[in-house]
Amino acid sequence: MRRSTISRKIARDPIPLSADMLTWQTPRHKTLVQRTKQTKGSPWDIMNTIGDQYYHLRKSVRVKYDQKFIKYCNESLVAIIGNDSFVHLEEMVTDSEQIEHIWNKYQQIIGYLKSEEDQLTAEHYGQFCRKIYRLLPIEQVDLMSWLSPSQRFRIAEMIQDPQVNDSQVYEKLYEFFNKASGDAKDEADEVITLGCRKFIAHHLGDQLAEDIEDLRVAGGTGSSHHTAALLFVKHSEIAEAGEMAHQKRIEESLSICKRIYLDFDGSCFCNGRADTCDPKTHVCQNCTGGTIGYQCEKCPVDHRLDKTGNCTTNLDPECFCNNHSNDCIDGVCQNCENNSIGDHCELCDVGFFGDPTKGNGCTKCPCPKNGECSYNTGSNRIECNDCPKGHIGERCEESESSYQPFTTEASTITLVDNQL
């Protein structure tokens with residue numbers, strides 16, 4: 001233990017990140033960095049905190065900064081391990097070598113560096129830059145690190161028992177998750193939320209991970225079924241194409257994410273137009289009324305839902321209301337439902353958020369006094385636009401000076417908590 005402490009001290013400090021590389025940070029990001037400074041104080045601990053934050057940013061935000069961060073990492077690594085070694089690692093990435101093999105090769109390279117100071121500094125740069133390069137291995141165990149020792153032992157027993165099936169194991173995990181409280185529940189929620197987002201992005205793509213997170217945050221009736229279907233349809237497409245290694249491990253992890261992260265219990269929600277779902281993809285089967293979609297929620301091209309819930313071509317072609325209304329006057333939608341507004345029911349009403357253009361309804365903002373909110377693409381969180389006097393925070397849950405914090409519904413609703 002003493003050797004590890006001494007080693008951390010002799011590693012060189014990192015080259016500071018320029019201010020323009022960190023303009024994506026939200027107040028929450030900055031608070032976490034400040035907390036790291038106060039509790040640990042190591043420049044490398046701060047770098048790792050920033051690396052974690054950057055890794056979990058939405059792709060639409062990262063693309064604006066990737067060039068600067070990748071340049072920083074490329075130059076830092078070349079300076080310490082040499083150009084030849086860096087090129088070799090780069091070729092392994094280009095050839096789609098397994099992440100574990102790339103990291104093992106990097107460890108081998110830094111093991112040949114002459115001084116322990118160089119070795120430790122290279123180790124730190126590697127840990128930071130693998131987050132920038134998005135070269136982090138994702139394992140099922142990462143989703144269960146929040147379990148207590150006794151809970152891990154129980155899960156291990158169940159896995160070894162031939163009479164216990166996978167579904168029973170996942171239900172037991174869900175039971176442990178629901179029984180957790182306080183800091184333990186917060187830790188479990190954070191591990192699973194971030195772990196599942198990372199896992200889905202790694203194996204199925206950033207865009208799918210972000211689409212699923214958007215749907216999960218928006219919520220609404222049947223949303224957990226919709227997100228589960230979206231996830232498993234994509235998984236099936238890639239698996240059938242033979243483009244997915246370690247299929248068994250991936251399916252196990254996806255099942256954990258489905259049950260806890262998406263809160264999907266296997267129910268089949270088909271908007272009253274079907275009774276059964278595909279057991280693998282969870283897509284509704286045999287939709288009635290000419291409807292299609294994961295939940296029989298839409299009509300084919302050039303068709304519209306009529307008031308009876310059936311698809312027809314007899315509606316006014318100028319009347320397009322994103323399935324939130326069937327009535328129009330001169331092409332303008334009337335009586336938009338699901339908290340949507342606009343000429344085509346394409347916007348959310350004041351005090352609500354979501355994307356009604358995707359056929360989903362709008363969800364009430366978690367803000368005091370029916371306040372407005374918006375989706376912060378940098379932090380992946382819903383934030384209140386204007387807080388009442390004397391109150392601050394993403395949901396106006398914190399007070400200033402003598403004002404007391406709100407204790408209404410707004411201060412207890414968690415939408416995208418435990419995300420960086």
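Positions of Cβ are set from backbone N, Cα and C atoms, glycine also.
Quick caveat, the model's predicted, so the values are computed rather than measured.
Annotated features in TrEMBL:
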type     : residues      : note
DOMAIN   : 319-364       : domain 'Laminin EGF-like'
DISULFID : Cys336-Cys345 : disulfide bond
DISULFID : Cys348-Cys362 : disulfide bond
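Looking at Cys348 (disulfide bond) and Cys336 (disulfide bond), their Cα atoms lie 10 Å from each other.
Other Cβ atoms within 10 Å of the Cβ of Cys348 (disulfide bond) number 24 in total over all chains. Assigned with DSSP, the residues of the domain 'Laminin EGF-like' (319-364) fall into helix, strand and coil as follows: 3 helix, 14 strand, 29 coil. Across the residues of the domain 'Laminin EGF-like' (319-364), the predicted structure has a mean pLDDT of 84.
On a Cα basis, Cys362 (disulfide bond) lies 11 Å away from Cys345 (disulfide bond).
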